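Peer 1: Got a structure for you, written out below as structure tokens; questions coming shortly.
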Amino acid sequence: MTSKIENITIEQLPIIDIESYGNDKEEELKKKLISKEIENACKNFGFFYIKGHGIDQELIDRLERLSKKFFSLDQSIKMKYRMELAQKAWRGYFVVGGELTSGLKDWKEGLYLGTELNDDHPLVIAQTPLHGLNLFPTLEEEIEYDIVGFKDTILTYIDKVTKLGHSLMELIAISLNLSADYFSSRYTKDPLILYRIFNYPSIISSGDDNKTTGESSDDNDKVEWGVGEHTDYGVLTILYQDDVGGLQVHSKNGWISAPPIKGTFVCNIGDMLDRMTGGLYRSTPHRVELNRSGRDRISFPLFFDPNFNSYPTEIEGIEQIENKDDSSSRWDHFNIHSFKGSYGQYLLNKIGKVFPDLKNNVL
């Protein structure tokens, strides 16, 4: 197993305090100040940390603890919740190396989750991909596997961070001199929420023997990253990462580290916000190093995306840049500003490359 070594620039992503004040005047002033910080961060980095977000640390710690217990279960147990079983809902467990970036295996395992929609929901009845029920252990299984509260904790976390996403999109709208409800009135009143719990097993290298702390692989030589270089697809990603670290962001000056900072989330904009802003706010490439810490790394990205059936278009009347087409320098060489279609069409094309076999079988 090999890992590419590149110089890392010493540079710090902005940390933005989004905590609001009590009365209306103070809150409006704070929103304007925060939005200015977000504008600068989105123009210069496409990434920023937030603190003062209001998500209870006890909830985060509980979910991290339960997630680690889940991933420590025997592989045969985890496979009871494999993604193939969820069919079009595209939910469930995938094995280490089961997810691809640019055709190469990522060194992580994970759970795909999202907003819980019952079988009688109109989008589920219409067999809309990526909508439906999550694959959770039953209460009896939670007791048996010592992960009691796993389902409830996940759904609580999704609900609270989704609400945070709505608040952040208001601030992003204000940062563009738009009405606070610009995105919610057009694209995100009923957002597509894609939530992931990722576990990056630690790698132990000794001579020619390549092993992880938990498993071995027959195809290690093709693995170079925990997650390879990519951009996110939607409008906003809200990421919690544990204290292991490994996230890297491609700034204007080169690759920089985005280390864990207690009490914060890492936020970044995605392809659709890049498209809507005409490239003013760029979706920034990022990646995760192979984990050599000696212990597993956990992260929780929540992708706050436009409604599946919405048609994102460029915002009129905002600041323009000269060269919005950056396809020549993008990791995938795709011009997102030339795309015409629904967000669902864009997303299905992208995720089909992440799980090509699954796409062929269920979509």
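For all residues, glycine too, the Cβ spot is worked out from N, Cα and C.
Note that this is a predicted model, so its numbers are computed, not measured.
Sharing the features that Swiss-Prot gives for it:
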BINDING   HIS230, ASP232, HIS286  Fe cation binding site
BINDING   ARG297  2-oxoglutarate binding site
DOMAIN    197-306  domain 'Fe2OG dioxygenase'
Peer 1: Between the Cα atoms of HIS286 (Fe cation binding site) and ARG297 (2-oxoglutarate binding site), what distance do you get, rounded to the nearest Å?
Peer 2: 17
Peer 1: Taking the domain 'Fe2OG dioxygenase' (197-306) alone, what is its mean pLDDT?
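Peer 2: Averaged over the domain 'Fe2OG dioxygenase' (197-306), per-residue pLDDT gives 88.
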Peer 1: In the domain 'Fe2OG dioxygenase' (197-306), how many residues does DSSP call helix, how many strand, and how many coil?
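Peer 2: Taking each residue of the domain 'Fe2OG dioxygenase' (197-306) in turn, the totals are 9 helix, 49 strand, 52 coil.
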Peer 1: If one measures from the C-alpha of the residue listed as '2-oxoglutarate binding site' to the C-alpha of ASP232 (Fe cation binding site), what distance in angstrom results, rounded to a whole number?
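Peer 2: The residue listed as '2-oxoglutarate binding site' to ASP232 (Fe cation binding site), Cα-Cα distance: 20 Å.
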Peer 1: Which has the fewest other Cβ atoms within 10 Å: HIS230, HIS286, ARG297, the binding-site residues listed?
Peer 2: HIS230
